[in-house]
Amino acid sequence: MFQLARALRSVTIAFLSGAVMILAGVAAPAIAKGNDRDGQSHVRFHVRSPNPAALQQIYELIRQRQYKNAELLLKLVLVPQATWLVGGSPQEVAQVARRTLLEAKLQHATPVFVLYNIPGRDCGSYSGGGAQTTAAYVAWIDAIAGALRDREAMVILEPDALANLPVDCGYDPTGALTVDRYTQLRHAIDTLGALPGTRVYLDAGHSRWHAVGTIASRLVQAGVADTSGFFLNASNYQPTPAQVQYGTWISNCIAFASDPSDGGWRLGHYDYCASQYYPANADDYSTWSLTDEWYANNLSGPPQNPTHFIIDTSRNGQAHAANSPNDPTYETESPGRMTLYAQAPYNQPSNVISTLAAGSWCNLPGAGAGARPTASTGNALVDAYLWIKIVGESDGSCDAAGGVRAWDYGSYSEPGWPTIFLEQQTFDPLWGRKDPSAGAWFPEQALELAKKAVPRL
């Protein structure tokens, strides 16, 4: 009987997997590529093969007769999402790229690849790893280029690579590793950007991170002029309207400090650029118009060749860029939503709330999937909204040991929660469990993201 049940489960999961890939070829309509600079009129984004654990969860929900939840998760995995290339030998990564290209061809779709293998990635944190040397990274990039050749593809090049330079991580006292980082990115840009069908985008963090001038300077130094632009909010939860505004400022800052026709005194001075921190207040969107006004007053007109960008909307459906702190949605935007843990029954102290807010990028409760991938964004600078993050996969263990959680267990605890200090260090009180490792399927979060999706799945 046990073997029969296992066989039935395997057949069901195999059927689900096949059904997903068949539906992928017909479910997503062709999407107008309104901001395309290559003359193509339409684009359809590739639906990747689902995480096997996602299919397992769907199977279990069906078995438990939770048909509505199973339907939601099935809809979730049918949304086009990026394919992450995170390591492996050159031969292995080329094989994955070719397989993805074949899937995309069968779907008449454009694949989105996230390249995530740069040496020292993620400052050695939950998603740490990457190639061991520059030479190894170069060989890895070359193998991907050999697989892509003349096929159409979008490349999201190394999330956090510019927002988290080695010098930001505290382990590059001489700056040599940061110089290497720019060398590595430059090779990837030159190699992949030379391919006729490949569009490359560079990392620019998000609006709750670096000031506009800081990230604009890094983008220019990395070679953004030789790419299709930059991307924002990768694997994060920041609201789309805020990213549109922030990205526009970055584009304007690059023009401000790069265009000699507006006056040589400003050339190279990205530090002069207005940002979300001044004259605006990053926590009060009603002040962001002050930064808009600064660019209107300091640019002679719209940039002639503005830098474009992409926004990851995979998990920001519940985030709101409120016009004022009085807006009822304001407290739902990170990090404001963490204030609920200061209230009854949690009663967490202010130092705990501060740590939770700083770690709100990591498996954030209450989030929902966001706007569906499209190249028809209605904004001339925004090339696409994409699901860069694979929705339902964990950001990491998100615990006190990693510095992104804190908790006063004396003020609030639940039956079954750890009582030993060492066990508490690897426990996530916001989810009431130990979180899966980075990239592993997180069933509870996946279902919540599907249920709270805006617009609805």
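The backbone N, Cα and C atoms fix where each Cβ goes, glycine too.
Annotation source TrEMBL lists signal peptide at 1-32. The feature substrate binding site is assigned by TrEMBL to W84, H206, W209, N236, W361, K389, E393. The active site feature in TrEMBL is assigned to D122. Look at TrEMBL and you will find D160 tagged as active site, proton donor. Annotation comment: TrEMBL describes D395 as active site, proton acceptor.
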- Query: Looking at the active-site residues D122, D160, D395, whose Cα is closest in space to that of W209 (substrate binding site)?
  - Reply: D160
- Task: Kindly assign the residue listed as 'active site, proton donor' to one of the three DSSP-derived states: helix, strand or coil.
- Result: coil
- Quick one: give me the count of other CB atoms within 10 A of the CB of D395 (active site, proton acceptor). 25
- Query: Taking only the recorded positions W84, D160, W361, K389, D395, which one has a CA atom nearest to the CA atom of the residue listed as 'active site'?
  - Reply: D160
- Task: Looking only at C-alpha atoms, tell me how far N236 (substrate binding site) is from D160 (active site, proton donor), rounded to the nearest Å.
- Result: 11
- Please give the greatest C-alpha separation between any two of the substrate-binding residues W84, H206, W209, N236, W361, K389, E393, in angstrom, as a whole number. 23
- Check D395 (active site, proton acceptor) against DSSP and tell me helix, strand or coil, would you? coil
- Work out how many Å separate K389 (substrate binding site) and D160 (active site, proton donor) at their Cα atoms, rounded off. 13
- Note on the structure: Same-chain residues at least 6 positions away from the residue listed as 'active site, proton donor' with a Cβ under 8 Å from its Cβ, in sequence order, are R121, D122, D203, G205, A234
- Three-state secondary structure, which DSSP defines for W84 (substrate binding site): strand
- Message: Which secondary structure state does DSSP assign to H206 (substrate binding site), in the simple three-class scheme?
- Response: coil
- Other CB atoms, at most 10 A from the CB of W84 (substrate binding site): 21
- So which binding-site residues out of W84, H206, W361 end up within 10 angstroms of D395 (active site, proton acceptor), measuring C-alpha to C-alpha? W361
